[in-house]
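Student: Okay, so TrEMBL annotates it like this:
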ACT_SITE  K181  active site, proton acceptor
ACT_SITE  E188  active site, proton donor
BINDING   G9, L10, G11, V12, M13, G14, N32, Y33, T34, V73, S74, A75, N101  NADP(+) binding site
BINDING   N101, S127, G128, G129, H184, N185, Y189, K259, R286, R445, H451  substrate binding site
DOMAIN    177-467  domain '6-phosphogluconate dehydrogenase C-terminal'
Amino acid sequence: MKNSIGVYGLGVMGSNLARNMANHGENVAVYNYTPDLTDQFVSRHAHSRIEAYYELEPFVRSLKSPRKIFLMVSAGAAVDSVIESLLPLLDQGDIIMDGGNSDFHDSNRRYRALKERGIHFISVGVSGGEEGALNGPALMPSGDQEAYRQVAPILEKIAAQVDGKPCCTYIGPEGSGHYVKMVHNGIEYADMQLIAEAWQFLHQIVGLSIPETAGVFKSWNESELKSNLIEITAEILSKTDQETGKPMVEVILDKAGQKGTGKWSSQEALNLGVPSTIMTESVFARFLSSLKEDRVQAESLLEGPSPSGEEMDKDYWIKQVKEALFMGKICAYAQGFQQYKTASEQYGWSLQLGDIALIFRGGCIIRADFLNHISDAYQENKDLSNLLLAPYFLEKTNRYQASLRNVVMKGFESGLPLPCLSSALAFYDGYRSARSGANLIQAQRDYFGAHGFERIDQQGTFHARWLEPETVTTSVKVNK
Ligand code: NDP
C-alpha cells in the first residue's frame, strides 16, 4: 500500500510530526538527506505505519498521487535545495508543504516558481515546539485553497484540538501562513519579555524569593493570565539545580538567544509602518542582554538608582504587577493583530483575524485563554481598527492602566529597566492621545527640508518661510 504522506527532514520537529501523523492513522514515508538521523529515527521510533527511506527516489515513489511531501528542514537555502532535488521526481498536481520557519518572502517566491511548474506549494507555519509537533501543534497553512483542501484532512487531524476544533485553518494566499507564524513569534518574544520584566520586578523590587515568585505565577495561571507561558514560567521558577541546590533560573547565564523570527517581525513592522513597538523592544532587549561583559563592567561605572530594599506591601504590589502584565500583554497582542490587519490589506490576503486567534488557542507557545476574547472581538466586528477599542479590552485597559503606570514608575525610580512594560505604556498613551507632538516634527521637517505640512484649519499642503519675519502668516500652498 502506498504512503499517504512523506516527511522530509528528521530533526527534532520532522521526526515528531511524522510520528504524530502515524499516530493518527496515516501511512508515512520518512527521509533525511544524511543517513544518521534516519538511523536514529529507526532505532528510537520504529512505528508500524512509518517507512524510512535512505534514497530520495523510492521515498517519492512510495507516495500516493497526488503526492504530499512535508518538508521540515532548516529554513533558508536548505529548503530551496530540497525542492530542487525533489522537482525531477514530481508530477503536476503534487504538493510540497514547508513547515519550517521560512521567511515569507521566500515562501512567496517558492509558491510562484512552483506554480509555474504545476506543483502546489503550501507554507505551513508550525508552532508548539517539540512537544506540540508530537501531540498537536498549531498549524498555519497558506497557498492555493484547492491544494489545501487535499491536505486538510491530515493537517487538521494532527493539529491541537480545542473545544472540538482543530488549531489549523486555511490562512490565505502565497506565503501568508509563514507571515502569520512570523508575527506569532514576534508576539511570543514580547510576551516572554513582559513576563521576565514582571518577574524581575517581583524578585528585585518587591523582594520575593524565587520560590515565592513561582507561587505567584502558579496563582496567576488560575486567573485571566492563564496561558502556556505563565504555566511554564511557574514550573521553571520551581526547578532546583541539582549541582548547586540553587533555583535553576539563578544558574542560567542572562544572555538571551534568538533565531530571527522576532527580528523579521519587527523589520516587517517597520516596512509596513505599523507601531509594533513592544515586540521590537523585546528583540532589542535580547541584544542588550547579550552584551554581558559590557554590562558587568558598566555596573560599577555608570551611576543610577538601584532597588532600595525598602519594605513593600507585597500583596498590593503583586496585584499591581499582575494587572500591569495583563495590560502589557493586551497592548502586545493589539499591536501584533494590527500588524496582521495592515499586512492583509497591503498584500491583499484577506486574513481572518478572528480565526487566527482561534488557532492560537491550542498547540502553540502563546496559547492562552484570552485569545478567545480576541477572537470574539473580531467575530463581533471584523473591521475593528485596533483590539484596544473592543469592549472587553476597553474595560480591562481602563481598569489596569494605572497599575501599569505605577509599576513602570516604580521600576524607573529603582533603576530597573522595563523596556516592554514601558513601551506598552508609551504605546497606550500615544494611542489614546488625540493630539501628539508630531506637529513640531512636521514643522522641523518643513524648516530644514521644505517637506510641507498639513494645517488643522485648511485643506492642502503648506510650506512656511521659516526665516522670514512674517513666517506665521505666510504659509504657502505646496502643489501635491
Ligand atoms: P533540526 O536542526 O533538529 O533539524 C533540521 C533538519 O534539516 C534536519 O533534518 C537536517 O538534516 C535538515 N537539513 C539541514 N540542512 C539541510 C539541507 N541542506 N538539505 C536537506 N536537509 C537539511 O531543526 P528543527 O527540527 O528544530 O527545525 C526544523 C524547521 O522547523 C526549522 O525551520 C525550524 O525553524 C522550524 N521550527 C522549529 C521549531 C522548534 O521548536 N524546534 C518550532 C517550529 C518550527 P541533517 O541533520 O541531516 O543535516
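Backbone N, Cα and C define each Cβ position, glycine as well.
Curation plays no part in TrEMBL annotations; they are all automatic predictions.
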Student: Can you tell me which of G9, G11, M13, N32, G128, H451, our binding-site residues, come within under 6 Å of ligand 1 at the Cβ?
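Tutor: The binding-site residues passing the 6 Å Cβ test are G9, G11, M13, N32.
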Student: Whole-number answer please: how many Å between the C-alpha atoms of G9 (NADP(+) binding site) and the residue listed as 'active site, proton donor'?
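Tutor: The Cα atom of G9 (NADP(+) binding site) is 25 Å away from the Cα atom of the residue listed as 'active site, proton donor'.
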Student: Give me the CA-CA distance between the residue listed as 'active site, proton acceptor' and N32 (NADP(+) binding site), in Å, as a whole number.
Tutor: 24
Student: Identify, among the binding-site residues S74, N101, the residue whose Cβ has the fewest other Cβ atoms within 10 Å in this structure.
Tutor: S74
Student: Nearest to N32 (NADP(+) binding site) in three-dimensional space, by Cα, is which of the recorded positions G128, H184, E188, Y189?
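Tutor: So, of the listed recorded positions, the one sitting closest to N32 (NADP(+) binding site) is G128.
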Student: Between N101 (NADP(+) binding site) and H184 (substrate binding site), how far is it from one CA atom to the other, in Å?
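Tutor: Here the two Cα atoms are 11 Å apart.
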Student: Please report the number of other Cβ atoms within 10 Å of the Cβ of G11 (NADP(+) binding site).
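Tutor: G11 (NADP(+) binding site) is surrounded by 15 other Cβ atoms within 10 Å.
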Student: If H, G and I count as helix, E and B as strand, and all else as coil, what does DSSP give for S74 (NADP(+) binding site)?
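Tutor: For S74 (NADP(+) binding site) - judged by DSSP and reduced to three states - the answer is coil.
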Student: Would you mind ranking the recorded positions K181, H184, R286, H451 by how many other Cβ atoms sit within 10 Å of each Cβ and giving me the lowest?
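Tutor: Checked K181, H184, R286, H451; of these recorded positions, fewest Cβ neighbours within 10 Å: H451.
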Student: To the nearest whole angstrom, what is the C-alpha distance linking S74 (NADP(+) binding site) and G128 (substrate binding site)?
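Tutor: With the alpha carbons as reference points, the distance is 16 Å.
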